[in-house]
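Pulled from TrEMBL:
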- L17, E22: substrate binding site (BINDING)
- R107, L108, G109, R110, G111, K112, G113, Y114, Y115: ATP binding site (BINDING)
Amino acid sequence: VISHPKYQESKRIAIFLSMPDEIQTEEIIKDIFKQGKECFIPRYKPHSNHMDMLKLSSAEDISSLTLTSWNILQPSDDDSAREDALAGGGLDLIFMPGLGFDKKGNRLGRGKGYYDTYLERCMKHPRGKPYTIALAFREQICESVPVAENDVQIDEILYEDR
């Protein structure tokens with residue numbers, strides 16, 4: 001990931017805070033700060049498919065986040081001090097989680113459509129759609145995953161291929 005050309009050239013990067021069953025992103029987050037890039041993480045709105053990407057000030061900033069009912073760390077609802085990526089300069093790159101992926105760029109998420117809805121909003125930003133890279137385990141690569149009309153394909157899937 002860290003040597004990937006898209007990562008190297010990106011300045012504003014959104015990344016998920018991993019759950020136990022996902023690729024662990026902690027070292028990537030540390031590297032984002034080490035390289036002087038800007039890091040944004042998701043804040044999900046419950047009972048909707050709305051998500052914002054809010055700026056982290058440091059890797060240590062993660063310890064100040066609140067745990068949601070889904071066991072995900074994120075900025076609290078009343079945290080208005082953080083920069084919202086789309087209210088500012090947009091994003092260059094989004095690292096995306098998922099449960100399953102196919103080699104055509106389709107992604108099976110957790111069913112709420114947060115990332116698809118967010119990418120639709122990105123397309124309306126002056127900067128346009130950021131490059132998207134899914135982080136996956138080899139076991140998550142499938143022949144095909146079910147897709148809906150509003151699903152947005154991802155640009156690339158990174159996984160370990162032995």
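Placed from the backbone N, Cα and C atoms, the Cβ positions cover glycine too.
Caution: TrEMBL annotation is automatic and unverified by curators.
Since we're looking at a predicted model, the values are computed, not measured.
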Review point. Cα-Cα separation of L17 (substrate binding site) and Y115 (ATP binding site), in Å?
Key: 14
Review point. How big is the Cα-to-Cα gap, in Å, between E22 (substrate binding site) and Y115 (ATP binding site)?
Key: 16
